[in-house]
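Some features that TrEMBL has for this protein:
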type     : residues  : note
TRANSMEM : B:6-25    : transmembrane segment
DOMAIN   : B:7-79    : domain 'Glycine transporter'
TRANSMEM : B:32-52   : transmembrane segment
TRANSMEM : B:64-81   : transmembrane segment
DOMAIN   : B:93-164  : domain 'Glycine transporter'
TRANSMEM : B:93-111  : transmembrane segment
TRANSMEM : B:117-138 : transmembrane segment
TRANSMEM : B:150-170 : transmembrane segment
Amino acid sequence: MADYFHWFDLLGIAVFAISGTLAAWRNQMDGFGVIVLASVTAIGGGTLRDLILDVPVIWINDNSYFYAIFIAVVATILLVRNRLTIPHNTLQFFDALGLAFFVVMGTQKSLDHGTSTMVAILLGTMSGVCGGMIRDVLCREVPMVFRGELYAVTCIFGGVVYSGLLALGVAQLPAMLSGMTALLLLRLAAMKWQLTIPVFSKHHNELNEP
Amino acid sequence: MADYFHWFDLLGIAVFAISGTLAAWRNQMDGFGVIVLASVTAIGGGTLRDLILDVPVIWINDNSYFYAIFIAVVATILLVRNRLTIPHNTLQFFDALGLAFFVVMGTQKSLDHGTSTMVAILLGTMSGVCGGMIRDVLCREVPMVFRGELYAVTCIFGGVVYSGLLALGVAQLPAMLSGMTALLLLRLAAMKWQLTIPVFSKHHNELNEP
Amino acid sequence: MADYFHWFDLLGIAVFAISGTLAAWRNQMDGFGVIVLASVTAIGGGTLRDLILDVPVIWINDNSYFYAIFIAVVATILLVRNRLTIPHNTLQFFDALGLAFFVVMGTQKSLDHGTSTMVAILLGTMSGVCGGMIRDVLCREVPMVFRGELYAVTCIFGGVVYSGLLALGVAQLPAMLSGMTALLLLRLAAMKWQLTIPVFSKHHNELNEP
């Protein structure tokens, strides 16, 4: 495996750890619970990806992922501990950055293991989305992926750009960087202009239990 | 593997995808979040089953599952998007149908891999229950399995009927269809007459934090 | 594998099943939902550990774990069904006991499979924490691990004591018992004196969506 794979995984894990720490701050969590939340957010997506691909999970033989989480958490704590407020987009920004790394890396790893392009993009999306999903479930919030703003579309788009460029003969590293950039820009644009795709019309909620 | 296995898996996945879409509708979700919720509901149980059995997850080399999800989601969206109300049992009905397919298929797959009958029934139950559990957790509702009405009993019953018939020498396909039918009928009866098994007497909730 | 491994796993599973049953009681659950909650609490951590280590999950070829769960659940139901109240620490006590078994067993199993000591301690912690995390998420409560009182520190401490004693040449069984005892005592002390490690200062919560 190319050396930059390791760095992309490390960066993805670090930025998801930052998003987990910010979510912990938001929920007034304290003590080492912060590290637990940051860790499951950071390694959740990659662990699920590797279990499904039936390869050793990335962190099982490599301590560097834990150093990355630890450094990211401590640095974030030091930065925010005396803040009274944090701009509300900060958490979403780091989540978007984590998505960019994980979706493209997940797509790549799946292709490496011989899946179809479609399954690769979906597994990339899954590995990008799941860490944040676990984070939001543990914090008892509506998962970010369900709060619109093209979240899932953005992931699929990043995977499509990456695998499309590969198919066009572009080398791996520029294809990866392009996929990540495309994903990040679309997600930031969707956040800024609150882009959504309405599917259901307004309705009363009568599907509840009687 | 017999060809109808694939169809049972496809059908189970499609009806769980429908239940996920209905849950998304109920929760006023929008955009591609609907597809994410439908997908995790649909593939959650089967993925966990295959990870535990240590076989390749069903959808990793087979795009047809995603087509099934996509068709089920789009058809459901088209059907419900202009509705103001949906009968409250619709979601539970599709959940029950998904259970019927997944519990029996899960029991069968476990037996195929040499587990004991008891473990097979429990793994079948687990694969049937988990997709809906993830769906309900992501929607922040009390998981359906905990709202009584013989939910878990029903799953175990379906597995017992199927493996019992197999043990009596009945051929696989009729045994499967009987197990699925038995499970579905018991679940529908339990929903209709609100059957429950009381375990705890009424109590004040004093186990809370002080 | 030494014979007491099996017993430690069984005991860990039984006490987590008790904690799941108590959580079901607290949430007024009924019927077989109690057994479902007890089971996922009991086998959640060990299953995740074994999936990540890529070894057969402990219960796949061994019915005794299910007998242990069943006996623990039925005994707990019989004990609490006519109670109006239960001392509020009972659930936390059994959770702590489950932690003691699972953290040390998880650390041991990881070391057996050649991971570094650091990864082993973290995987032990993960397998101890996850069962209770799933239990609390399904009950829609703030996971116990985030409510402070040195929960995560306690797990790491138990893993450090065990692997430290091993490194000092202590035999396996006494090292395990010491690790479990150390973990349990620290956790009980933290519960009794409400020990916490403050990380964030008080703040308004302005990170919410606009």
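Each position is counted from 1, following the chain as shown.
Each Cβ is built from the backbone N, Cα and C atoms, and glycine gets one as well.
Residues 9, 12-14, 16-21, 23-25, 58-59, 65-66, 68-70, 72-73, 77, 102, 105-106, 109-110, 123, 126-135, 138-139 of the same chain lie 6+ residues outside the transmembrane segment (B:32-52) yet bring a C-beta within less than 8 angstroms of a C-beta in it. Taking residue pairs at least 6 apart in sequence, the transmembrane segment (B:6-25) and the transmembrane segment (B:150-170) share fewer than three C-beta contacts under 8 angstroms. Only pairs six or more apart in sequence are counted, and the transmembrane segment (B:64-81) with the transmembrane segment (B:6-25) gives three or more Cβ pairs under 8 Å, enough to call it a contact. Long-range neighbours of the transmembrane segment (B:117-138) within the same chain, counting only residues 6 or more positions beyond its ends whose Cβ lies under 8 Å from a Cβ of the stretch, are 16, 19-20, 23, 37, 40-46, 48-49, 52-53, 95, 98-99, 102-111, 144-145, 151-152, 155-156, 158-160, 163, 167. In terms of DSSP helix, strand and coil, the domain 'Glycine transporter' (B:93-164) has 59 helix, 0 strand, 13 coil. Break the domain 'Glycine transporter' (B:7-79) down by DSSP state and the numbers are 57 helix, 0 strand, 16 coil. Mean model confidence of the domain 'Glycine transporter' (B:7-79) amounts to 91 (pLDDT, 0 to 100 scale).
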